[in-house]
Each structure stands twice: as structure tokens, then as C-alpha cells.
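Please read the structure below before turning to the comments.
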Amino acid sequence: MSSCSSLSMDDRVKIGYGSIAGASLSIIGSIGTIILIKIRNKKQEKKLLIQRKQQLSINNLNINSGSSSNIITISNSTTSLSSNNLNIQPPSFPSYSPLPTSISLSNNNNNNKNNNQKTKVSHFIINLSIANLLASIFMITIKLMMIHFNDKFIKVLPSTANHSFNALISVCTIGNGVIGFSFISTFFWTLAISMYIYQQFLSSSTINSNNNNNNINNINNNNNNNINNINNSKNNNSINNFNNSNKSNKIIKMLFYFVCWVIPFVLGSILVSGSRLIELNSDLPWCSIDSNIQLISFYFPLIICLLATTFFTILIKYKFSNDKLACSSSSLINLQSKIIQRLILFLIVILVCWVPSLISFFISFFSKNCKQFLWLEIISSTIQSCQGILNFLSYLSIFKKLKLYFKNLKKKFNNNNSNNSNNSNNNNSNNFNGGGIFYSKGKKVNNQNSNNFYFTFSTFDFDNNQIQEK
């Protein structure tokens with residue numbers, strides 16, 4: 001979508017093939033990301049269903065055996081504390097009416113609906129992958145038509161032939177709009193991921209703090225009314241929280257859809273209106289976008305999204321550093337750390353893909369002769385088309401695994417050169433777990449959070465029930 005015409009026909013062909021190569025890889029990466037998320041979500045749903053059935057069986061067994069009087073329910077189907085573990089004496093009355101099975105079933109159903117209706121990070125990544133997929137498909141189609149079907153590429157539609165020159169509609173001008181729409185949508189969805197994760201970090205800290213205070217107050221109440229008060233308050237709170245969160249999540253979801261799809265579509269339409277045909281008498285006619293319109297409708301939203309995503313990522317990192325000192329849950333710390341690592345990778349991807357394009361645009365924008373560098377144009381066009389495949393690699397944490405692999409390889413090489421064979425063997429056993437890049441470190445591997453190398457980020461739904469200590 002360059003606004004200059006200083007490059008030759010051969011130069012534009014080279015740039016076009018670079019974009020086609022990068023877009024082809026991005027199609028593979030975008031489809032792979034969507035498939036992996038869908039598979040992981042199915043596995044998570046089956047796992048949660050099994051856990052709910054097991055919890056329901058335990059509740060029914062406790063009710064039938066009469067031993068449920070020693071169980072204090074703290075959260076819906078997720079955490080239970082024994083009165084013996086809390087050093088609280090059981091109620092002095094001989095027996096009481098336990099919680100009916102129907103209430104347990106109702107709570108399980110509410111939790112299931114609540115989890116399904118939560119706005120999840122994996123859902124945001126799917127939309128980001130769809131936007132990358134559309135951008136790649138449009139990029140390949142437009143570039144191939146420009147190179148091999150140029151007569152149809154610049155052919156003006158009959159309905160617009162009698163209009164002004166800048167308003168001529170062709171495949172070329174429409175292509176500028178749809179490519180711009182898709183790429184702008186990727187900017188907005190990347191920003192949406194960082195904003196949503198930051199909001200979840202804040203809300204999870206607040207909810208956990210309130211839940212802990214309420215649990216302590218409820219446990220310190222009169223032992224005779226302790227269980228009834230907790231059950232009644234939690235049932236009422238679960239219903240109210242479900243209704244409120246359901247409404248708020250629907251509003252948030254619709255807002256994100258509007259911002260990340262509708263607004264980019266409007267901006268893409270502006271790019272179409274700002275496109276014009278140039279070099280009609282050359283061997284490879286093409287169309288360009290007015291530099292001012294391109295700045296306002298494309299690069300200005302890009303700059304805003306880059307700055308905002310960086311800002312929210314820094315806030316999340318700062319928030320995590322503060323919460324880490326006060327949090328005693330190692331599993332929660334590991335989960336939050338993985339979320340931040342992948343968010344940083346997504347930020348790095350969008351910076352790597354679009355900073356060269358920004359540099360190229362502003363060089364031509366402020367130069368008098370619309371100066372362009374062929375090598376910079378090829379790099380920027382190729383890398384920006386690779387956003388989908390780079391997001392896919394970030395989703396798999398390939399970069400971190402490669403770094404760990406080469407670090408361990410260096411340690412292994414140093415250990416082999418050491419004269420102390422015992423220390424060498426110990427270091428090798430500590431540094432390697434399976435000896436390949438598709439495995440985690442051998443030290444302190446959390447089976448619950450590191451079961452599968454390929455499916456990590458899709459588990460970071462960060463629902464309130466998931467972030468509590470189990």
C-alpha cells in the first residue's frame with residue numbers, strides 16, 4: 001500500500017513476491033493457531049466435565065454417609081475446607097439437614113454456563129488469527145493479480161467510469177481497502193488482548209481479596225450457624241455474580257467486536273476512497289493511496305495500538321510484580337507468568353512486523369521526491385505479511401523453547417569439557433528433561449500447568465474460579 005511510484009516494475013514485482021511468500025506462511029500459521037485452540041478447548045471442556053462429575057459424586061457420597069457436616073463450602077464446586085484442618089470444632093448439635101443434591105446440581109450448571117459465557121483470551125486470539133488469515137488471503141490475491149492479471153487488476157468498474165479520477169473503483173483500489181481493513185483489525189485485536197488481560201488481573205485480585213475476607217468472617221461466626229450462613233450467602237452471591245458477569249461479558253464482547261471489526265472496516269473504506277490509479281502507461285500499472293489518507297486511516301491507528309499495547313503490557317508486568325510478593329500460590333504465579341510471557345511475545349511480533357513499514361512510510365512521506373529504498377520495501381512488505389506465522393510461533397512459545405535449548409546445549413558442552421564427570425552428569429540431568437526442545441525444564445515441572453508444550457496459552461482463560469488455589 002505504498003503511496004509512492006518511484007520504484008520500477010521489476011522492483012514492485014520483487015516486493016509483491018516477498019509479500020506472497022510471507023502471506024503464504026501466515027495462512028498456515030493462522031489456521032494452525034485456530035485448530036490448536038479448538039482442540040485444546042475441547043480437551044479442557046472434557047477435563048472440567050470429569051472434575052464436576054467427580055465433585056458431584058463426592059458431594060452425594062458425603063450426603064448419603066452423613067459426613068458432609070464437616071465440610072465448609074468456600075467456592076462453587078472448586079474449593080472445600082475441612083473444619084478439622086482449620087482447627088474448628090464441629091457443630092455441637094447432633095445433626096442438621098445437609099445441602100440438597102438439587103442445589104449442588106444447580107451450582108454446577110451455573111458454573112458450567114458461567115465458564116462457557118466468559119469472554120476468554122483464547123477467543124480473542126481466534127479473532128486475531130481470523131484477521132491475519134483474511135489479510136494473508138487478500139494479500140496473495142491482490143499481488144498475484146497485479147503481477148499476472150494486470151489488465152483485470154486495474155480495470156475500472158463500469159458504474160464508476162464517469163466519476164472523478166480519484167473515485168475510480170477497481171480490483172486494485174478495493175484491494176487496498178480490504179488489506180488495510182484486515183491489518184487494522186489485527187492491530188485492534190492485539191490491543192484488545194492486552195486490555196482484557198489487564199482487566200482480568202485487576203478483577204481477579206479484587207475478587208480473591210474479597211472472597212478471602214468473606215470466608216474468614218463467615219468461618220469465625222457462630223459455629224451453630226456457620227454452614228448455613230456460608231451456603232446461603234454463597235448461593236445468593238453465585239446467582240447474583242452469574243447474572244451480573246453474564247450481562248457485563250456480553251457488553252464487553254459486543255464492544256470488542258465493534259471496535260475490532262466495524263471500525264477497521266470503516267477505515268478500510270476510507271482507504272478505498274483515497275486510492276488512485278497511477279502509471280497507466282507503464283508495463284505494470286498499479287494504484288496507490290494518498291499519503292495523507294494513508295497516514296490518518298492506517299498508520300495513525302497502528303501507532304496508537306502499538307503505544308497502547310506497550311502501555312498495558314508494562315502495567316500488567318508491574319501489577320504482576322506487586323502481586324507476586326503477596327501471593328503464596330506457586331501455581332497462580334506460574335500461570336500469570338506464562339500469560340505475561342505470551343503477551344510480550346505478541347507485542348514483539350507486531351513491533352517487528354510493522355516498525356520497518358512505519359520507517360519506510362515516514363521516509364517517503366517527509367522526503368521531497370518520495371524517496372524509497374528497495375531493500376527496506378522488500379523487508380517491510382515481507383515481514384508485515386508474516387504476522388500470522390509469527391503469532392503462531394509465539395502461541396507455541398517456540399522462541400522461548402529455542403532459547404532454552406541453546407542455553408542447555410551450551411551448558412552441556414561446557415559440562416562435557418569439565419574434568420569432574422560427576423558434576424557433569426548431575427548438571428546434564430538437571431538441565432535436560434528428554435533432551436529436546438519440545439520438553440520443559442527438568443527442574444520443578446508443574447504437571448498441572450505444563451502438561452503439553454503445544455497447548456499452553458489457550459488454557460489462560462483466567463476465569464475467577466480457575467485462578468483460585470486448588
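Glycine too: its Cβ is placed from the backbone N, Cα and C atoms.
The disulfide bond annotation in Swiss-Prot covers Cys172-Cys287. Per Swiss-Prot, N-linked glycosylation site is recorded for Asn162. Taken from Swiss-Prot, the feature topological domain 'Extracellular' covers 1-16, 145-176, 275-295, 364-372, and the record attributes it to sequence analysis. If you look up Swiss-Prot, you'll see 38-123, 198-253, 317-342, 394-470 marked as topological domain 'Cytoplasmic'. Under the heading transmembrane segment, Swiss-Prot lists 17-37, 124-144, 177-197, 254-274, 296-316, 343-363, 373-393, citing sequence analysis as support.
The stretch in 17-37, 177-197, 254-274, 373-393 that contributes the largest number of Cβ pairs under 8 Å to the transmembrane segment (343-363) is 373-393. When each of 17-37, 124-144, 177-197, 254-274, 296-316 is scored by its Cβ pairs under 8 Å to the transmembrane segment (373-393), the top-ranked stretch turns out to be 17-37. Around Cys287 (disulfide bond), a 10 Å sphere centred on its CB holds 23 further CB atoms from the protein chains shown.
Panel annotation: around the transmembrane segment (296-316), residues 1, 180, 183-184, 187-188, 190-191, 194-195, 197-198, 201, 264, 267-268, 270-271, 274, 289, 340, 343-344, 347, 350-351, 354, 358, 361 of the same chain, lying at least six beyond its termini, place a Cβ under 8 Å from a Cβ of the stretch. On the 0 to 100 pLDDT scale, the model's mean across the topological domain 'Cytoplasmic' (198-253) is 60. Counting every protein chain shown, 25 other Cβ atoms lie within 10 Å of the Cβ of Cys172 (disulfide bond).
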